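The block underneath contains the structure these notes are about, expressed in structure tokens.
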Amino acid sequence: MNKELRRVSVIVLAMFLALFGSTTVISAIEADNLAAQSNNRRVVLDSYSAQRGAILVEGTPIAYSEPSDDVYRFQRIYSEGEKYSGVTGYFTLNQGSTGLEGSLNQQLSGTANSQFFDQLNAIITGQEPTGASIATTLDAEAQQAAWDAMQGYEGAVVAIEPSTGRILALVSTPGFDPNPLASHITSEVIERYTALDEARPSPLQNRAYGGGQYSPGSTFKIIMTAAALENGYAPDSQFENPATLTLPGTNTQINNPVVGQCSGGGDTVSMATALNLSCNIPYAELAQDLGVDTVADMAEAFGFNSSTQIPMTSTPSRYPRDIDEAQLMLTAFGMSSVRVNALQNAMVVAAVANDGVLMQPTLVDSVIAADLSVLDEFQASELGRPITSATASTLNDMLVDGVSNGAAGGARIDGVAVGGKTGTGENGPGEPFNLWFSGFAPAEDPQVAVSVIVGDGGGRGQQLSGNALAAPIARQVMEAVLNQ
Amino acid sequence: MSTEAVSTATGLQNLTGVITLKLRTPSRLRNLELGLLLFAIAINAGSFVLVQFGVLGQVEPGMLTASFALAGLALAVHVALRISAPDADPLILPIATVLNGTGLAMIYRLDLAKGFEGWGAASVRQIVWTTLAILIATAVLVALRNYRVLQRFTYVAMFSAIVLLLLPLVPGLARTDDVAAKVWIDVAGFSFQPGEIAKIALGVFFAGYLVQHRDSLAVGGRKLLGMRLPRVRDLGPILLIWAAAMGVLVFQRDLGTSLLYFGLFLVMIYVATGRLSWVLLGLGLFLGGAIIASQTLVYVNSRFTVWLDAFNPQYADGDAYQLVQGIFGIAQGGMVGTGLGQGRPSIVPLAESDFIIASLGEELGLAGLFALLALYLLLVSRGFRIGFAGRDDFGRLLAVGLSFVVALQVFIVIGGVTRVIPLTGLTTPFLAAGGSSLIANWIIAAILLRLSDSVRNQPRLVVGP
């Protein structure tokens, strides 16, 4: 009987070890993940019990909390709500939180692990606990320029400092006012939320880094050119120059933007000319030569197919690998199933502008505790090196040529060398275009890389091009950064 | 003084020497128990004070008396033990007391949060139940001078278990309100779960039956896959218990209780016969039944879906709400908890009964949960010790059965709350609000104390001076 009893004892011990394990997983290992869940009511209530930290742009609060008379004790206020709505997101009682309010909730509410000693101190001294403030990397003038320029359009602007990854401007339009969503009356919150949720185009969709993605059009040619240069091609590599091209295995004919042969004639055309004039057929041929894996590898090196934390988690831009040759050739000029958001496109030009080094983009400059001690300070970190310095330099020159002498002239700034690429993404017959511009300035020492997407054809269907509408918006943002 | 007188004096001295030795050993155990018990009482009083500071910001003497009442009752049991079972295990009573007190403090804390007072407060009822439970346990302890008489009631125990199990299905007794599991009865305004008491009756029945029939049960039948199967004619009891467990599952919709009874039976038959084939056969039968039940019974099926996919937004605010909010609570507690009265355990439905462990996890943290689990483990190991060291097989089997039932119940409840297994509605022994559970577990404690007394009694210290 004792032998059996010993075995049963082992089973009992195993049962208890399972419980020791499961409780450890919940309270220690998974605790932070669980606290980050949006339906965790305790976290919501906790975040109201302390004075929530502010979100700062150049030292000025754009979101802050003031004492209120009700049970929640503090009211969240957004001073320039709409303009910064793509950055702050909203902070609600019962509909969760988004943006910096959501992703940095623990720091703002003072419950992050880095604030452990402050919490302990608050408990011992009986003082009111206070959350940390977030100083953002945003440039107020660049943000203002981007916001002003995007008025009346659906879309997004993301501007990055190429050498560090600091996000200087992040705008998603239409924006929304987060103030009514911060109401302490839940029925008001729901009413306002429902109205925003049902509005079209949806203000709650973040087009800068979130799910609102667009076909990139010819801006994808930057990645194609990078892939070509990394694989033995040069700017003067020649491609056949027919007026139309029938995609293999289909009856689909593709054209250049200006219908006819690229550059007006000739049996062949160089890659530099094709990029400068944004010709589609040579790039389709290039894609066919490179193959899907080479193109996809380059796209992924720039950040496609994976999300990044800015600290909000971005929606991955998509470059599919399971496509046939005809689809591959369409992706060369941003058609078929490639989908991109403004953040991803800005990362591409930022890497080109930074000698081929892709920096981790971020909105957070520092996390500052209530006693003004710095809990966490921004440190530039490298995300990868998608292209060599030589490739970056060649590509830089080619993109500058596109603005100064080519199809991207709308972004020209007097006395400054600007590099960039336009894009006009098609969404199907009769559907409005996506108008893109991605670029950087000044070319010799880039201070800003910017990507602009205007959806819905800028309200004019298929009449406008990326160069006509998106490039001037990008120019205004770049000017705002450079004029300081 | 003559030499004769001297030798008489030496003889007397020898005699008294033996007597003092005899007395000293048990009283040392009881003194250890008293020390631990005072420690337990101090912890309980501390919990109550902290709860009042945490929720009310001040000490209110009114409810503090509850912890004194529990302390008084526990000390009364201690005195009863000194008189009636001086060799009993010194750890069981302090562990039961501190668990009961911790549960009481948490239930009181939840009442304060919800604004319940008087008879509407679960804590007030819990105090009454605690009093009743400890009085009954003391009566069992004193009345059951010789536990071997229990063996005579083997079949009486079986019938009482069956009757107790069937009670909730009797019209008129069954609680009518819409509770998922039909395991409750209403008697004179009190709700009662007869199944809790049934587990003791089942333990007595299994122990008695298995001691009598272990030899025939251990005889092998055919061999299959290198394992000797039991004989077909011996399959009767296992099939009967299996049918009863499945009956509980189907008609009372209670997966946890069903698992508890069946697990108890399997462990006891294994310990009695030493044949793994019984266990495998039984597990196969139970798993088969449970899988069929999970496919055909909606409520079992939903328990499994909710278990596997709790954080899916589809369930997290619906069927899995309680589970998910409970886990959020434990996570919120972190290492050392928010402190008593400082968290928000009342967000979780049934925070004082099924989910009391989540409430305690939130306010006492991982450290508190580990302490509670360690207490349970210690309690179970004290029971198993009787199983190892006991002199007669009936007592050993009974001790193992009753301790294992505590261990299994802890595993089913806490495992359910922490998503080790699907959540089922059982009470956490000693901690959770609920009279039937308290009474049953205090009776188990009393029987274990009685059994342990006999263990200590065997190798008497009769060494000379």
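Quick reminder: no glycine exception, Cβ is built from N, Cα and C everywhere.
The transmembrane segment feature in TrEMBL is assigned to B:34-56 (among others). Through the fold, the transmembrane segment (B:34-56) approaches residues 63-64, 66-68, 70-71, 74-75, 78, 90-91, 93-95, 97-98, 101-102, 104-106, 108-109, 112-113, 339-342 of its own chain, all at least 6 residues removed from its boundaries and within a Cβ separation under 8 Å.
Summarising the annotation, TrEMBL assigns transmembrane segment to B:62-81 (among others).
As annotated by TrEMBL, transmembrane segment applies to B:88-107 (among others). Proximity of distant same-chain residues to the transmembrane segment (B:88-107), defined by a Cβ-Cβ separation under 8 Å and at least 6 residues beyond the stretch ends, is recorded for 29-30, 32-33, 36-37, 39-41, 43-44, 47-48, 50-51, 66-67, 70-71, 74, 77-78, 81, 122-123, 126-127, 130, 340, 345, 352, 356, 359-360, 363, 372, 375-376, 378-379, 382, 385-386, 428-433, 438, 441-442, 445, 448-450, 452-453, 456.
TrEMBL lists B:127-144 (among others) with the feature transmembrane segment. If one looks beyond the transmembrane segment (B:127-144) by at least 6 residues along the same chain, the residues whose Cβ comes under 8 Å of a Cβ in the stretch are 66, 69-70, 73-74, 76-77, 80-81, 84-85, 100, 104, 150, 434-435, 438-439, 441-443, 445-447, 449-450.
Residues annotated as transmembrane segment in TrEMBL: B:153-170 (among others).
Taken from TrEMBL, the feature transmembrane segment covers B:190-211 (among others). Long-range contacts of the transmembrane segment (B:190-211) within the same chain: residues 150-151, 153-155, 157-158, 160-161, 164-165, 167-168, 175, 183-184, 217, 237, 248, 252, 254, 257, 260-261, 264-265, 268-269, 272-273, 393-394, 397-398, 401-402, 405, 427, 434-437, 439-441, 443-444, 447, each at least 6 residues beyond the stretch ends and with a Cβ under 8 Å from a Cβ of the stretch.
The annotation transmembrane segment is assigned in TrEMBL to B:232-249 (among others).
Nonlocal intrachain contacts for the transmembrane segment (B:255-272), taken as residues 6+ away from its ends with a CB within less than 8 angstroms of a stretch CB, comprise 181, 183, 195, 198-199, 202-203, 206-207, 210-211, 214, 217, 238, 241-242, 244-246, 248-249, 278-279, 282-283, 286, 290, 293, 300, 303, 387, 393, 397, 400-401, 404-405, 408-409, 412-413, 416, 422, 424-426. Sequence annotations record features per position, and here TrEMBL assigns transmembrane segment to B:255-272 (among others).
Annotation comment: TrEMBL describes B:279-300 (among others) as transmembrane segment.
The annotation transmembrane segment is assigned in TrEMBL to B:364-384 (among others).
Residues or ranges marked as transmembrane segment by TrEMBL: B:396-418 (among others).
Residues annotated as transmembrane segment in TrEMBL: B:430-451 (among others).
Long-range Cβ contacts of the transmembrane segment (B:153-170) within its own chain (Cβ-Cβ under 8 Å, at least 6 residues beyond either end) map to 182-185, 193-195, 197-198, 201-202, 204-205, 207-209, 212, 244, 247-248, 251-252. Within the same chain, residues 30, 33-34, 37, 40-41, 44-45, 47-49, 52, 88, 93-94, 97, 100-101, 104-105, 108, 123, 127, 130-131, 134-135, 137-138, 141-142, 449 sit at least 6 positions outside the transmembrane segment (B:62-81) and bring their C-beta atoms closer than 8 Å to a C-beta of that stretch.
Through the fold, the transmembrane segment (B:364-384) approaches residues 89, 91-92, 95-96, 98-99, 102, 330, 333-338, 340, 357, 399-400, 402-404, 406-407, 410, 414, 429, 431, 448, 452 of its own chain, all at least 6 residues removed from its boundaries and within a Cβ separation under 8 Å.
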